[in-house]
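A.B. asks: Sending over a structure as structure tokens; questions will come in a sec.
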Amino acid sequence: MSTDNKQSLPAITLAAIGVVYGDIGTSPLYTLRECLSGQFGFGVERDAVFGFLSLIFWLLIFVVSIKYLTFVMRADNAGEGGILTLMSLAGRNTSARTTSMLVIMGLIGGSFFYGEVVITPAISVMSAIEGLEIVAPQLDTWIVPLSIVVLTLLFMIQKHGTGMVGKLFAPIMLTWFLILAVLGLRSIIANPEVLHALNPVWAVRFFLEYKTVSFIALGAVVLSITGVEALYADMGHFGKFPIRLAWFTVVLPSLVLNYFGQGALLLKHPEAIKNPFFLLAPDWALIPLLILAALATVIASQAVISGVFSLTRQAVRLGYLSPMRIIHTSEMESGQIYIPFVNWLLYFAVVVVIVSFEHSSNLAAAYGIAVTGTMVLTSILSTTVARKNWHWNKYLVALILVAFLCVDIPLFSANLDKLLSGGWLPLSLGLIMFTIMTTWKSERFRLLRRMHEHGNSLEAMIASLEKSPPVRVPGTAVYMSRVLNVIPFALLHNLKHNKVLHERVILLTLRTEDAPYVHNVRRVQIEQLSPTFWRVVASYGWRETPNVEEVFHRCGLEGLSCRMMETSFFMSHESLIVGKRPWYLRLRGKLYLLLQRNALRAPDQFEIPPNRVIELGTQVEI
């Protein structure tokens, strides 16, 4: 989305408020409550309130404003961001060994996101619905059922796209942030003493006074910056400047005012700790605020769901996940997609989490490990980009990395205390996703290498066929080829069993480049290998969906005319068996077989009419 047009800047900035800041914008619902709820051994004490507020404020400044908005967002791939993009950028100018390490870091970060995404909708919506306890305490038993109902409706509408509903996101979230600011300012005016907490000395005094307990309490403070990765991940949708402008003009002031307003309330009324956010509002505003909070948390959940769809598509296109059905819900916006399998798997996981944890305070114990783990990895990857890609001074880069890690590592370490009380959940989910992604990538590479090693030379085969041609039949045959310069298995088996060849043979390779988009000028490369053989290589970015009909159109413009309904597509269907291996590699091989059996078939991936496809089987040992 371009920001060159100054007239569109306010609209883009407003849209960024509606999508990018949903998660971090709903953190005031539960953050300060969890910090001062008594779980760390101290109650609502003046020094504790000032200490937590100071920590929250300076985390928002250092982590969000300086680290992500100023530094990390400099690293973009054709305007796109996200942990996998950062991984790709970091590995461009490094040795093979270093690249492997960076890839592992990027995959761990992506896996952490999958672990986090299960918790975000649950804790956000439950925190909003828990406002019922203030309005009508007798309805507290309805919190879990109502949360499930709200999220069920949200997941059900995903298949229809969020284009129409999405237009309401921005004004609702802008209203939300303005209400945050007004409620906080109202309380601060009544007790301006709370503004002393802006001084970082209070954060230092907090550590000195409470010692070990203060370190553990960082696990609650980090709730104030959950969703920070969305700022970088959504950079491609809105651009750097609108995201930064939205933060510094609307989001940051509103969050600070609300957190400090809650602190001012607690200094006067410590009993308000049961839900300081909703108790900021006058009685007459509780129900409207409850409704607005529910809408804001739904929007925050929607942003996370859309984020997991985008990450999944990127992982599929880069070869880290098996192909799956991806539906475009908008003809205008390529980023609006729906992945049915991911949608309903995520829904099931979220419902299980809500039923199991029952209250947002219990879920808060599970939140944070994945977020802070990703923060550590982002620091390492982004500074690698600064050194290798931007060629910054190595001492400056080292200084920046140390500064980032001095914040990230204590936050991550403090969250490890949550491991047994719920932190195991995102880590377990992340481990599962990491295992799946590394298994698919490594076993796929092993399979392609084996096909290359046991394949016949393409040039020699074509020369032999032209010299001693088999029976030719009219028409065009397209053979999907994964490996260049090697004869596709489907071509070999067609000659072996049918002993015929079409008049024109096209060897088609579809590949994904290390970029979000590929310009149409570079989309197709055509090479005539002989009078009757052509090789076509079609390149796509990881944000694009390969389409054979489009490839044919491009071929026609280059002089190679093809008609979809007059062409036969030959594909090989590998029947895989696991060979002799150590037991742990056999397990990985069996997991790959399971993933491969459930992967989307090639004709469906590339939108080829089923009645034009001929699949020839072959057995391959991995």
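Cβ atoms here come from the backbone N, Cα and C positions, even for glycine.
Heads up, here are the entries from Swiss-Prot:
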TRANSMEM  9-29  transmembrane segment
TRANSMEM  49-69  transmembrane segment
TRANSMEM  103-123  transmembrane segment
TRANSMEM  137-157  transmembrane segment
TRANSMEM  165-185  transmembrane segment
TRANSMEM  213-233  transmembrane segment
TRANSMEM  247-267  transmembrane segment
TRANSMEM  276-296  transmembrane segment
TRANSMEM  337-357  transmembrane segment
TRANSMEM  363-383  transmembrane segment
TRANSMEM  396-416  transmembrane segment
TRANSMEM  419-439  transmembrane segment
A.B. asks: Taking the transmembrane segment (419-439) as reference, which of 9-29, 103-123, 165-185, 247-267, 276-296 has the most Cβ pairs under 8 angstroms?
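C.D. replies: Per the Cβ count, the answer is 103-123.
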A.B. asks: Which sequence-distant residues neighbour the transmembrane segment (9-29)? Criterion: at least 6 residues beyond either end, Cβ under 8 Å.
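C.D. replies: Same-chain contacts beyond the ends: 1, 3, 64, 120, 124, 127-128, 166, 169-174, 176-177, 180, 223-228, 230-231, 234, 237-239, 241-243, 245-247, 249-251, 254-255, 258-259, 262, 277, 293, 296-297, 299-304, 306, 360.
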A.B. asks: Quick check for me: are there 3+ Cβ pairs below 8 Å between the transmembrane segment (49-69) and the transmembrane segment (276-296), leaving out pairs under 6 residues apart?
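C.D. replies: Not in contact, no.
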A.B. asks: Counting only pairs at least 6 apart in sequence, do the transmembrane segment (276-296) and the transmembrane segment (165-185) share 3+ Cβ pairs under 8 Å?
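C.D. replies: Stretch pair touches.
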A.B. asks: Do the transmembrane segment (396-416) and the transmembrane segment (337-357) come together with 3 or more C-beta pairs under 8 Å, pairs six or more apart in sequence?
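C.D. replies: Contact absent: fewer than 3 Cβ pairs fall under 8 Å.
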A.B. asks: May I ask for the residues of the chain that lie six or more residues beyond the transmembrane segment (165-185) and have a Cβ under 8 Å from a Cβ within it?
C.D. replies: 14-15, 17-19, 21-22, 25-26, 28, 157, 250-251, 253-262, 280-281, 289, 292-293, 295-296, 299, 302
A.B. asks: Looking only at residues six or more beyond either end of the transmembrane segment (247-267), which have a C-beta under 8 A from one in the stretch?
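C.D. replies: For the transmembrane segment (247-267), the sequence-distant neighbours (Cβ-Cβ under 8 Å, at least 6 residues beyond its ends) are 13, 17, 21, 24-25, 27-28, 31-32, 36, 44, 46, 49-50, 52-53, 56-57, 60, 64-65, 69, 174, 177-178, 180-181, 183-188, 190-195, 197, 224, 231, 273, 276-277, 279-280.
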A.B. asks: Determine which recorded stretch among 103-123, 137-157, 363-383 has the most C-beta pairs below 8 angstroms with the transmembrane segment (337-357).
C.D. replies: 137-157
A.B. asks: Residues of the same chain, at least six outside the transmembrane segment (103-123), with any C-beta under 8 angstroms of its C-beta?
C.D. replies: 23, 30, 83-84, 86-88, 90-91, 147, 151, 154, 226-227, 229, 297, 300-301, 304-305, 307-308, 311, 315, 320, 346, 349-350, 353-354, 357, 360, 363-364, 366-367, 370-371, 373-374, 377-378, 380-381, 425-431, 433-434, 437-438
A.B. asks: Hey, which bits of the same chain come close to the transmembrane segment (363-383), Cβ under 8 Å, at least six residues off its ends?
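C.D. replies: Residues 30, 34, 63, 67, 71-72, 75, 83, 86-87, 89-90, 102, 105-106, 108-109, 112-113, 115-116, 119, 122-123, 126, 219-220, 222-223, 225-226, 228-229, 232, 353, 357, 397, 400-401, 404-405, 408-409, 411-412, 415-416, 418-419, 421-427, 430.
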